[in-house]
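Let me begin by presenting the structure, written as structure tokens, before commenting on it.
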Amino acid sequence: MAECHPVGFQWVVEARERGATIIHVDPRFTRTSALADVHVPLRAGTDIAFLGALINHVLSNDKDFREYVVAYTNAPAILREDFADTEDLDGLFSGFDPDSHHYETTSWMYEGARASAAAGDRDRWPASGDEGGPGAADRQHGGGELRETGRAHSYGAGGPALSGKPAMDPTLRHPRCVYQVLKRHFARYTPELVEDVCGVPRELFTRVADAITANSGRERTTALCYSVGWTQHTVGVQYIRTAAILQALLGNIGRPGGGILALRGHASIQGSTDVPTLYDLLPGYIPMPHAHQHQDLDAFVAADAGTTGFWGNMRAYVVSLLKAWWGEAADEENDYRFDWLPRLTGDHGTYRTVLNQLSGECKGYFLVGENPAVGSANSKLQRLGLANLDWLVVRDLRLIESATFWQDGPEIETGELRTEEIPTEVFFLPAAAHTEKDGSFTNTQRLLQWHHAAVEPPGDARSDLWFYHHLGRIIREKLAGSTDPRDRPLLDLTWDYPTSGPLAEPSADAVLAEINGHGQDGQPLSSFTQLRDDGSTSCGVWIYCGVRADGHNRAANRRPRDEQSRVAPDWGWAWPANRRILYNRASADPEGRPWSERKRYVWWDAEQGRWTGEDVPDCEADKPPDYRPPPGARAQDALAGTDPFIMQSDGRAWLFAPAGLADGPLPAHYEPYESPVDNPLYGQQTNPALQAYDHPANRYHPAGSEVYPYAFTTYRLTEHHTAGGMSRTLPYLSELQPEFFCEVSPELAAERGLEHLGWATITTARTAVEARVLVTERIRPLRIRGRTIHQVGLPYHWGPNGLSKGDAANELLSVVLDPNVRIQESKAATCDIQPGRRPRGPALRAHVAAYRRRAGLNEDEGTPPGAGEGQR
Amino acid sequence: MTSDRNRLSGPLADPTADAGYPDTHPPRMGFFTDTSVCIGCKACQVACKEWNLVPAETGELDLLGQSFDNTGALSANNWRHVAFIEQTVTPDRPPVDLGMPAIGPPAGDASDAGDGQVRWLMSSDVCKHCTHAACLDVCPTGSLFRTEFGTVVVQEDICNGCGYCVPACPYGVIDIRPGDGRAFKCTLCYDRLGAGREPACAQACPTDSIQFGPLEELRERADLRVTELHERGVDEARLYGRDPQDGVGGDGAFFLLLDEPEVYGLPPDPVVTTRDLPSMWRHAATAAVGVAVSVALSFLERGALERRKP
Amino acid sequence: MGLWQWIDGWPVYRQLTGDDALGRGSAARSRGTERLSARTERADRVVRSVCPYCAVGCGQKVYVKDEKVIQIEGDPDSPISRGRLCPKGAASKQLVTGPGRISAVLHRPPHGTGWERIPLDRAMDMIADRVVATRRQTWQDTHHGVPVRRTLGIASLGGATLDNEENYLMKKLYTALGAIQIENQARI
Amino acid sequence: MTGGGERERSMVPRAEFRSYYGRPILKRPTWKVPDVPGYLFLGGTAGASATMAAVAELTGRRELAGAGRWVAAGASVAGVAALVHDLGRPERFAHMLRVLKPTSPLSVGSWILAPFSTLATASAASQATGRLPGLGRFAGFGSGVLGPAMCTYTAVLLSDTAVPAWHEAYPELPYVFAGSALTGAAGAALLCAPRADHGPPIRMGLLGTAMELAALHRVERRLGLVGEPYVTGRPGRLLTLSKALVVAGAGLSLVSGRRAAPLLAGGAYLAAGLCTRFGIFAAGIASAQDPVYVVTPQRQGLGAAGLP
């Protein structure tokens, strides 16, 4: 956190000064470790084992916050009899289909709950991405081999629908209740196992376990902060699930000082998810519809959203969105033009897109402030895709590698590509900087903050708002008068944003107004609870509804911090409804009283008959704690006054996820796809449902390979930003970290003859890169089951362009994805490292090929042994 | 009062008044850099450069291999410099500074330190704005002067690049900027102070490791801080440059360190060179007299001299 | 009078007549020093902004003079950042005004070996043509008999420094075009 | 970074000391070579020559006085040129007279050098043109009075720095420079003045030699670790050469009858003067470059005073 979010870290330092214990779990000793009370170096890719052992410690020592757990989590829910755990199936859960590497999840359901996710009803498409082939649609209707795409997202933020009430055992004694299942599931996650898997000494683990449990409960809360060190794994979603289970057991969710805090790495990466430029989402975590023979809006809503909890209002959110996009053209008669939304048929994620570029299916590509030629896993694959396009539009501040790959990319040097033979037509359009345009960023705590344009952009530079507005305008002009039905969605699109100034810059405020939404009278809405499914409201992003209540841009609120409370509600605007802590109903006990005076946040004021406190309560403000839903109640009315997790259909935090995940209802430790060791827990080595792509340019290492014996992980440095486009180009930042380097332990340096400040060549089956060597005690070899495991640390900021140059660490990575959200595993893989610079030109290919041969990876044939698409 | 005026060393209650400012001058301002909360982010370095328009490093960028320090030292183009020191700490033993030297892999020593905990010290160094500032004292043009805030600043319109300040500074702070010829160093953002604002580095510092304020207040705060750290068992915490009795009369920018000063590249007990200046002048005068006498002697009457020869 | 001014301005004279006999302070002040002021004080306006690097969302103040950004620094009012910035945030001015920023549209024709400069409006027109053509060429009304109404011929990958409003227009336009491979750094 | 092991007791002081990656603590003086050491030599030679010329004038040795004036004027003008050339902003040389700071040897030196070089040049000019002879004589006397200061203030210039080898040698350096100035002026006179007038310069040379050798000896003996750069490496070799040359100059100056002897003696003296200044200059640079000369003495000082 100190390394990548230094300014956020001020609060950690302040907490430390006030007595908080800071524990830093990271393979490396970083700037964060330097200020932490405890640093826990562990093997990259083993956090589930570590967190699982913490869960086991909590459960086996009765350290959970029992009242919280019973009232606010699904611990009492009883599971079906046919559910089988990884303990029973050696690392698999019940429902796994080894042919499709896919789980059929019915057996994960609560007993008594009707699984609305019955096969064929849920919104999904046949297996194998796009390659379903003839008959796939039939199979869909026949149940059977089904596979979701970006599955967690396809259920929206609230997870999947459940209907019916599960059987509950508040005593938590029922052998099939979640609490007992959890206990059995994590029983083997012991301190000894942590030592074996993570390389963390028992004493160190115990210290962490004691610190966390001592600091949780009624009077105290513990927060977990994470970044892509947790998400960029084939089990990334399950990492977060494990943290969620731990925090829910300890009563650390929805309370001040608690939570699981994602430290996101880009100014509006939260916004890019809320207002998604993501293939599987519509704004506000509404899933993109999948292709079905006959599906109308109601069927879509019914299939996706439960009827209880706030997602029970999903139809209103979708209709308001369609009204925002197609205005008068969308009405009840035409199903609000639901059929104008294009349909998904599987995986259309960025890595699948690259394969489509290679196959020639994808011909045109927009890169908008993104630099996959060095920034995405297996950069070479990315560049080969770019080199096989008809046209490419790159919008950025400076000439990034993705714009110049045809000129000076590594493949030009190796002779794999020749500039004259690359057909891609490239447009480089200079972009406006944040100081040159109005707009809002959504930061890591869901806070929208408006930035005002200070000056005009230079020359031809324009905002991306300008680009898309005018591109849309020009396309609509070109298609005007078309009678082709496929052009109707374009021509009927509401696209009349006011422009101003010499550049005809569209008004960002007008776009925000559309995002916020308005009623029939055209007046801005002030809350998403006003949204209706009858076409009377329009709202572009339902979770942002209220940001422009009363026509006032609340994202631009800037009341100085000294003039308001510590919660600072008048600085920016947080979705939803300007709530700063989500699920804060859980900060009070079931009766609505704060769990403790120390930790009071929102509470029920019986006299006023309202919830009150420091923040906007995350429940209906007038719903009393003793409210019990009448039979047949819908949406939020179906949640009791004691249910804090209002987006969940049962209002509870899910220790066990009965639906919504592609790879299991509980987290289990699986090894990274490329690991130096075997999984000591289960026969199942890796995530059984993970997504691998077999391609000659995307070869994988076998587990425990002696050819690629070392683990490596990639990360950032404070001085640079992501793949470096915004930092390697700046003199002041380049001089601070002028070169690509690798960090190795003195022991590994001795083993391989690496010299401090000398060169090292790091080789994987993808390619080889060279880096200067920093020999440092901050990287420690780990002892794991009597074996020494070395890890190589690689900051991934570099590339061939800019002021500070170097090879890109991302070249080394393969593309292998988490099955839920399709994020790549870039935090743990294997490699070899040798002293000296890497070969140049064609010799580089020969070098990589020789390694592959030694590892038994055949050059042009497909799959290496045991590494088929889908799983290992 | 008069006895305290124009002193060249020792404690000095009000260097600003000593530099001819009226009693209405603002309090002496300074930095307290608390390295125990420094995260080595280098925001201070960049904020300083952005504000003061200090040029980036010219020429080839090179990795220094000194942990994450690629700046090396304070210079004309680096008015803040963050030092990084990697150590292993074993209980009851002094910390062992870890390699990363240019002398090859420290593999040999590593096993020695294997059982210790890694400690990573970071510290943002800056001009000390000494009570008795040698750079200022020796500056022949009056370019270096003491401001009304008690800080020591180079006047860019005056400096003629004589370079005298460079060897005079006991901390190795000030330097001549290549290609420009003039001397540069931290101004404690004199222009910002004039506008009632804090220096760019202190404002940027995420963890408040760099604290800016009236020196008296900072000294009190630092004393409290070091006591607090000692109570927490951080015995190695010590203040550096805080003592008005030290060789430079106390620093306007002082530090809380977690190891010996020299580990951070700071001189352990610097003395302002001009402390000895009166004595130097006396020796020079005597020697000058020696020259005059020697010349005179050489002209003593020829005959007499030859007679005296053996 | 000129002579007198010169003498009066001569620090040695001030040393002899003022309180700074040794010439180490008030007597040594130069004309430049007397004129010195913080450039932020001379700004035409100060614009509130947000740091474009990580997602902490530090407040920034952008100082503008003669329609040029002359300083960017932390906004002390912000409850998130309290005026502080990291090295990247502190380098924001260099990001927006520094070397290497391209301000002209560049075009590389298919198989070309170098960039050519083309006017912005022409580039926009060419891009629109290519979008329309590729969409037409790769349009799918159905996929294996199931209606999909889309194109897999056009894809987009956005960075996560895009404004919400920009993301919104992108998603809206692409969806209306039938393009679904719309992705973002948020996936990576 | 260096050393390690026990810090408390160690035979070799070097092994005790810790530093930041062995980097120098002090900045390397930016004064240019040969400008500044050259100036030290020229200034000293000019100063002693001017004084010699003045005394010669008083004692009726007109030709010796004339030679002395030429040397004083020439060396001081060359010295000023070297100093201006050394400046980072030469066009601002006049800023040297902006203030008069007794705390700055360079300021004091500027206020000495400016009148000295003016007077020395005026007197030489008067001598060359025959104009204003009275004023010329007066100027000559004036420069003669300032001359000794010219010889020794430069020692303070070096000593009044944080450079350990220079600063710690401050009690001796003025005498080294004074002696070297005497031998320098003597050497110049032996080269330029008629043989009949060689007596005073020979004696000046002998006195200077004695003074310089004695002072240098004391520097080497007294300073301990900080004196190391004076006897090691290139500066050590330069100073050894200087001592050999000055002894040779003294010896040669006493050889009578040989026509070449005074010329050789003069050359040796001048070369010795250059070696001394370059040697001492280089010793300072060397001591600034190695943190051991900063840390260890300061640590030892701390040891005596007790830890802070």
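Cβ from N, Cα, C; glycine included.
Predicted, not measured: the structure shown is a model, and the values here were computed from it.
Sequence annotations record features per position, and here TrEMBL assigns [4Fe-4S] cluster 1 binding site to B:Cys38, B:Cys41, B:Cys44, B:Cys205. Applying an 8 A CB threshold to same-chain residues 6+ apart, the list for B:Cys38 ([4Fe-4S] cluster 1 binding site) reads B:Val82, B:Met122, B:Ser123, B:Ser124, B:Thr207, B:Ser209.
The 10 Å shell around the Cβ of B:Cys48 ([4Fe-4S] cluster 2 binding site) contains 27 further Cβ atoms across the protein chains shown. For B:Cys48, B:Cys186, B:Cys189, B:Cys201, the entry in TrEMBL reads [4Fe-4S] cluster 2 binding site.
Neighbour count (other Cβ atoms within 10 Å of the Cβ, all protein chains): 26 for B:Cys127 ([4Fe-4S] cluster 3 binding site). Residues or ranges marked as [4Fe-4S] cluster 3 binding site in TrEMBL: B:Cys127, B:Cys130, B:Cys135, B:Cys169.
The [4Fe-4S] cluster 4 binding site annotation in TrEMBL covers B:Cys139, B:Cys159, B:Cys162, B:Cys165. Non-local neighbourhood of B:Cys139 ([4Fe-4S] cluster 4 binding site): B:Phe145, B:Cys162, B:Tyr164, B:Cys165, each in the same chain, at least six residues away, with C-beta under 8 Å from its C-beta.
Remote same-chain partners of the domain '4Fe-4S ferredoxin-type' (B:29-59), defined as residues 6 or more beyond its termini with a Cβ less than 8 Å from a stretch Cβ, comprise 68, 71, 77-82, 84, 120-126, 129, 149-151, 177-179, 184, 186-189, 192-193, 199-215, 218-219, 221-222, 225, 229, 234, 237, 251-258, 264. Positions annotated as domain '4Fe-4S ferredoxin-type' by TrEMBL: B:29-59 (among others).
Break the domain '4Fe-4S ferredoxin-type' (B:118-149) down by DSSP state and the numbers are 5 helix, 13 strand, 14 coil. If you look up TrEMBL, you'll see B:118-149 (among others) marked as domain '4Fe-4S ferredoxin-type'.
Summarising the annotation, TrEMBL assigns domain '4Fe-4S ferredoxin-type' to B:150-179 (among others). Break the domain '4Fe-4S ferredoxin-type' (B:150-179) down by DSSP state and the numbers are 4 helix, 5 strand, 21 coil.
Annotated region 'Disordered' per TrEMBL: B:1-22, in sequence order. Cβ atoms under 8 Å from those of the region 'Disordered' (B:1-22) belong to residues 28, 131-132, 137, 145-150, 244-245, 247-250, 271-272, 274-275, 277-278 of the same chain, restricted to positions at least 6 beyond its ends.
If one looks beyond the domain '4Fe-4S ferredoxin-type' (B:118-149) by at least 6 residues along the same chain, the residues whose Cβ comes under 8 Å of a Cβ in the stretch are 7-12, 15-16, 18-19, 21, 25-31, 33, 35, 38-40, 44-45, 67, 73-74, 79-89, 95, 155-156, 158-160, 162, 164-165, 168-171, 173-174, 183, 185-186, 188, 190, 193, 201, 205, 209-210, 241, 244, 248-255, 257-259, 263-266, 272-275, 277. Of the binding-site residues B:Cys41, B:Cys162, B:Cys201, B:Cys41 has the largest number of other Cβ atoms within 10 Å of its own Cβ.
Applying an under-8 Å Cβ distance to chain C, the binding-site residues B:Cys127, B:Cys159, B:Cys205 reduce to B:Cys205.
Cα-Cα distances to B:Cys186 ([4Fe-4S] cluster 2 binding site) place none of the binding-site residues B:Cys130, B:Cys159, B:Cys205 within 10 Å. Rounded to the nearest whole angstrom, the C-alpha distance between B:Cys205 ([4Fe-4S] cluster 1 binding site) and B:Cys48 ([4Fe-4S] cluster 2 binding site) is 11. The CA atom of B:Cys127 ([4Fe-4S] cluster 3 binding site) is located 12 Å away from the CA atom of B:Cys189 ([4Fe-4S] cluster 2 binding site).
Proximity to chain A (Cβ-Cβ distance under 8 Å) holds for the following binding-site residues out of B:Cys41, B:Cys139, B:Cys169, B:Cys186: B:Cys41. Among the binding-site residues B:Cys41, B:Cys127, B:Cys130, B:Cys135, B:Cys165, none has a Cβ under 8 Å from a Cβ of chain D. Taking the mean position of the Cβ atoms of B:Cys139, B:Cys159, B:Cys162, B:Cys165 as the [4Fe-4S] cluster 4 site, the remaining residues of that chain whose Cβ falls within 8 Å of it are B:Cys135, B:Val138, B:Pro140, B:Thr141, B:Ser143, B:Leu144, B:Val154, B:Asn160, B:Gly161, B:Gly163, B:Tyr164, B:Ala183. Cα distances from B:Cys159 ([4Fe-4S] cluster 4 binding site) to the binding-site residues B:Cys41, B:Cys44, B:Cys130 are smallest for B:Cys130. Around B:Cys130 ([4Fe-4S] cluster 3 binding site), taking its Cβ as the centre, 27 other Cβ atoms fall within 10 Å, counting all chains. B:Cys44 ([4Fe-4S] cluster 1 binding site) is surrounded by 30 other CB atoms, counting those within 10 A of its CB over all protein chains shown.
Under the three-state DSSP scheme, B:Cys201 ([4Fe-4S] cluster 2 binding site) falls in the helix class. Restricting the binding-site residues B:Cys41, B:Cys135, B:Cys169 to those with a CA within 10 Å of the CA of B:Cys48 ([4Fe-4S] cluster 2 binding site) leaves an empty set. The Cα of B:Cys44 ([4Fe-4S] cluster 1 binding site) lies closest to that of B:Cys201, out of the binding-site residues B:Cys130, B:Cys135, B:Cys189, B:Cys201. Distances between the Cα of B:Cys201 ([4Fe-4S] cluster 2 binding site) and those of the binding-site residues B:Cys41, B:Cys130, B:Cys135, B:Cys169 are shortest for B:Cys41.
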